[in-house]
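Taken from Swiss-Prot as is:
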type	residues	note
TRANSMEM	19-39	transmembrane segment
TRANSMEM	42-62	transmembrane segment
TRANSMEM	97-117	transmembrane segment
TRANSMEM	119-139	transmembrane segment
TRANSMEM	153-173	transmembrane segment
TRANSMEM	212-232	transmembrane segment
TRANSMEM	254-274	transmembrane segment
TRANSMEM	281-301	transmembrane segment
TRANSMEM	341-361	transmembrane segment
TRANSMEM	370-390	transmembrane segment
TRANSMEM	412-432	transmembrane segment
TRANSMEM	436-456	transmembrane segment
Amino acid sequence: MEDIQKNHEAQRGLQNRHIQLIAIAGTIGTGLFLGAGKTIQMTGPSVIFAYILIGIAMFFFLRTIGEMLYNDPSQHSFLNFVTKYSGIRTGYFTQWSYWLVIVFVCISELTAIGTYIQFWLPHLPLWLIEIVMLALLFGLNTLNSRFFGETEFWFAMIKVAAILGMIVTAIILVASNFHYTTVLSGKTVNDTASLNNIFDGFQLFPHGAWNFVGALQMVMFAFTSMEFIGMTAAETVNPKKSLPKAINQIPVRILLFYVGALLAIMAIFNWHYIPADKSPFVIVFQLIGIKWAAALINFVVLTSAASALNSSLFSATRNMYSLAKQHDKGRLTAFTKLSKAGIPINALYMATALSLLAPVLTLIPQIKNAFNFAASCTTNLFLVVYFITLYTYWQYRKSDDYNPNGFLTPKPTIAVPFIAIIFAIVFASLFFNADTFYPALGAIVWTLIFGLYSHFKKI
C-alpha cells in the first residue's frame, strides 16, 4: 500500500541543506548584482532601510506560510491552503494566476540567460542558446527532486561567494584606508574607502520621500521569489525541521547579503558617484585589479538567471500538478501523472513547451512589446496572490485546523496588518509611475475579469 501511495505522490527528495540553500537562492536575485546602482541613486544610503522594511514584511509573510505548511506539510504548494480555507473558487483563481505568473517568469529568465551567454558567444543565435539551455534544465527537472536541490545548492553557492567576496573586499579596503582614483558616471573621482562615505551628510530622503517609495517597489519585486520555499514542502524529507529553520534564517540573510553588500558598495564609493546603469560589483572588482570583473559578474548573473528558471520550472510543474488534483479534474487529469522519479512529468512538459515562447519571441520581434507588457502585468499579480494568501492565513487561524502549538507567526494581530499595509503601499505606488501605471492597471483588470469568471464557473 505504501508503494502505491508513493507512486501517486511527488517524492520527498529534498534534504535540509537543499532547503537552506533554496531559501538563499530565493532571497538573492539578479537585481542585486545588476540593479543595486539604480536603487542607491534613487534614495542614497537610506536604501538599506527600504531593504530592511520590505525584508521584515516578507519575513512575517513567510512565517504565515510556514505556519500553515508546518501544520500540514503534505500540501504540494502553499497555494493549496487558499482552496482549503478561502474556498474552491478563490483557490482556482489564485492557482491559475500564480501559474501564469511563473510561466512568464520562465520565458523572461530564459531570454535573460541567452543574453548573458552571448556576452562570451556574441555570434551564436539567441534562439539556439535558449533552446539548448531549456533542454538542459528540462533534463534536470525530470530527475528526482534531490537533483533539483543539488543544482540549486551550487547555484546559490556561486551567488553567496560573489557577495561575500564584495563584503570582504570592502572590509579590507576600509581597514587599510585605501585611496583610489577612478572614473564614475563620467567624472574622475579621487576618494578613500571609508564608512564616512555612508554617514557624512546622511539624509533619510535625499531625493524626496517619493523616490524612497519608488525604491520600495524595486526591492519588493526583487524579493518576489522568496515564497518559492513554500513550493518545496511536499518534497522535503523532514519539513517540520527544515522549513522553520530556513524561514527563521531569512532576516539574517537579508542583513548579510543585501544590506551587507549595499553597505560595502557605499563604503568604498561615495554614493553620489555610483552609476545607475552599471553593476557596482563590476566597478568594485575592477578597482582591485580584476580585469575580467565584467565576465565574472556576468557568470554570477547567468547562474542566478539559470537558478530562477530552474526554480520556476519546478514551481510551474508542481502548481499545475496541484491544480489538476484540486480543480478541473476531468480535463486536467493527465497532469497528475507522475514519472518513475516521482515528477509530475506532463505538467513539466507543459511548462517547458510554454517556455519555448522565448525563442519564438527572438525570431518574431514584432510581438515582443506585447509580451513585455503582459509580463509586467503578471509580475504585479504576485502582490494580488500575496494579499489572498494573507487572507487565507487569517481564515486558517479561525478554522478547526489551527494548531496553537505549531510554528506560530509572531504577534499575528500586528504582523498581518503590517504586511498588508506595506504591500498596499507598494501596489498603490505603481499607479503614480508612468512605467508601472498600465501594468498595474492590467493586473487589476485580470483580477476583476478572471476573478468573476472563477466565481461563476462550475467547479
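Placed from the backbone N, Cα and C atoms, the Cβ positions cover glycine too.
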Would you say the transmembrane segment (370-390) and the transmembrane segment (212-232) are touching, if the rule is that at least three C-beta pairs must lie under 8 angstroms and be 6 or more residues apart? yes
Report, as numbers and ranges, every residue of the chain located at least six residues beyond the transmembrane segment (97-117) whose Cβ falls under 8 Å of a Cβ in that stretch; write 'none' if there are none. 30, 79, 124, 126-127, 129-130, 133-134, 225, 298, 301-302, 305-306, 308-309, 312-313, 315-316, 319-320, 323, 351, 354-355, 357-358, 361-362, 371, 374-375, 378-379, 381-382, 384-385, 446-447, 450
Look over the recorded stretches 153-173, 254-274, 341-361, 412-432 and say which has the most C-beta pairs under 8 A to the transmembrane segment (281-301). 153-173
Among 42-62, 119-139, 254-274, 341-361, which stretch has the most Cβ pairs under 8 Å to the transmembrane segment (412-432)? 42-62
Answer key: the stretch among 42-62, 119-139, 254-274 with most Cβ pairs under 8 A to the transmembrane segment (341-361) is 119-139
How about long-range neighbours of the transmembrane segment (254-274): same chain, 6 or more residues beyond its ends, C-beta under 8 Å? 24, 27-28, 32, 36-37, 40-41, 44-45, 47-48, 51-52, 55, 59, 160, 163, 166-167, 169-171, 173-174, 184-185, 187, 189, 191, 193-195, 197-198, 280-281, 283-284, 287
